[in-house]
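Just below is one structure, and these are the notes that go with it.
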């Protein structure tokens, strides 16, 4: 798995101060996508042990308290990314149980639940924003969403 960007301190992609990882690879190809550079699975850098350790270190940093981790992209829940992300998310939740996990995906919750691989990550997600970006439903006034078809699911209240 590759990633195109990592923000160790982010206040845009979720509530509170967070770490945000932009994962490479997306097959949805939404018209009007703001992050087309993340569509290729080869874009960016390999997500390696060093980057994994850096994110965990940042989440544990007491000088800059982070509320949690955001995974976006690209599409972090594309099956090609889950072989790496699922063990990483489990590790984050084990080592940082007080941190929340926000995930943006082009898949709907129903699609994720129907897929045997994708549904395995759902128990670790606190907030899921689902659905492809639909340019004809775009609304800049929406919080955390680009288009009105996207739904915010809060699986846990932290």
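Backbone N, Cα and C define each Cβ position, glycine as well.
Computed from a predicted structure; not experimentally measured.
Annotation comment: Swiss-Prot describes 26, 30, 33 as [4Fe-4S] cluster binding site. Swiss-Prot lists 32, 33, 34, 74 with the feature S-adenosyl-L-methionine binding site.
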Least Cβ-crowded entry, counting other Cβ within 10 Å, from the binding-site residues listed as 32, 74: 32
Residues that sit under 8 angstroms from residue 33 ([4Fe-4S] cluster binding site) by C-beta distance, when 6+ apart in the chain: 26, 39, 133
Inter-residue C-alpha distance, residue 30 ([4Fe-4S] cluster binding site) and residue 74 (S-adenosyl-L-methionine binding site) (nearest angstrom): 11
Among 26, 30 [binding-site residues], residue with fewest other Cβ within 10 Å: 30
All-chain count of other Cβ atoms within 10 Å of residue 34 (S-adenosyl-L-methionine binding site): 9
Span of the S-adenosyl-L-methionine site, taken as the largest CA to CA distance across 32, 33, 34, 74 (Å, rounded to a whole number): 14
